[in-house]
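Data first, discussion second: the structure below is written as structure tokens.
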Amino acid sequence: MGPISAPSCRWRIPWQGLLLTASLFTFWNPPTTAQLTIEAVPSNAAEGKEVLLLVHNLPQDPRGYNWYKGETVDANRRIIGYVISNQQITPGPAYSNRETIYPNASLLMRNVTRNDTGSYTLQVIKLNLMSEEVTGQFSVHPETPKPSISSNNSNPVEDKDAVAFTCEPETQNTTYLWWVNGQSLPVSPRLQLSNGNRTLTLLSVTRNDVGPYECEIQNPASANFSDPVTLNVLYGPDAPTISPSDTYYHAGVNLNLSCHAASNPPSQYSWSVNGTFQQYTQKLFIPNITTKNSGSYACHTTNSATGRNRTTVRMITVSDALVQGSSPGLSARATVSIMIGVLARVALI
């Protein structure tokens, strides 16, 4: 009661600029028989933020309040007091110039540190000079830093290499989470978590494992995400495809073949005809072919990064005679001759 009956000084509450001030002006507890309680908002705070110890169910017509650090009423640990009759505020030994008390007994603490973690006791002085106490708690946690991802292999070979991602830095009392393509980590026997979930290992990577990958670190008060990381998965070449798919040609036309194989990095291409090397190109062009150009046409693909190579062979027949269904072998002159013959026969009928 000392601070209420004989305050050492008179302070003005710095209402302007404080978080939640407007709501606190209007939040005055009506008479109630409910139990006196303290709600910490938030109950888990990040360092440097604010915590409001919000009081619920004040006794009717109290004379004043005192706040204490800890679970008991201890004059040496008194933070601040408030006298309702004259709005007098008295700081105590535990006051740190970061606390603001409001007319409804709520206490705002600014720029909290981990040393502020713990219990706080409110003493309410009633009209009969009897007191009622209640205790609340909150915890302060470090602000989570922005994490980063390190990798033991950013250019893995498909179906051969494994990749281990590590989320940095290592911090205490922190939860590590992983995200792939913006989604939570799927369940897969090829994905393994270790080192307290700090390390994500991809076994036998495939070309679909490009990403992006993100790691998140969180504690009860805050969370932070890393920048996304992608993999450059080396793969292929797959079996090359030769186009067009025609195998019969008529002498005199141009042979124009193209080869393609899925590969990262892009494959190197070469052609051979009947076992004889022709050229290092993706396309093969032979003008005015003859029957001597019949044979096996092989497209060879090589990926120097993966050390792999694939070959596809196409058997091509060049004939002087027209082959039904072999449109690439029909010259324009032959097509016109056929059409004239058909029209003449129709006219005779």
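Every residue, even glycine, has its Cβ placed from backbone N, Cα and C.
Note that the structure is a prediction, hence the values are computed from the model and not measured.
According to Swiss-Prot, Cys215 forms a disulfide bond with Cys167, chosen from Cys167, Cys299. Here the candidates are Cys9, Cys299, and Swiss-Prot names Cys299 as the disulfide partner of Cys259. The two recorded residues, Asn197 (N-linked glycosylation site) and Cys259 (disulfide bond), show a Cα separation of 45 Å. Of the recorded residues, Asn115 (N-linked glycosylation site) and Asn173 (N-linked glycosylation site) place their C-alpha atoms 16 Å from one another. Annotation: Asn104 carries the greatest number of neighbouring Cβ atoms among the glycosylation sites Asn104, Asn152, Asn256 [cut-off 10 Å, Cβ to Cβ]. Cα of Asn256 (N-linked glycosylation site) to Cα of Cys215 (disulfide bond): a span of 50 Å. Counting only the Cα atoms, the space from Asn104 (N-linked glycosylation site) to Asn274 (N-linked glycosylation site) is about 96 angstrom.
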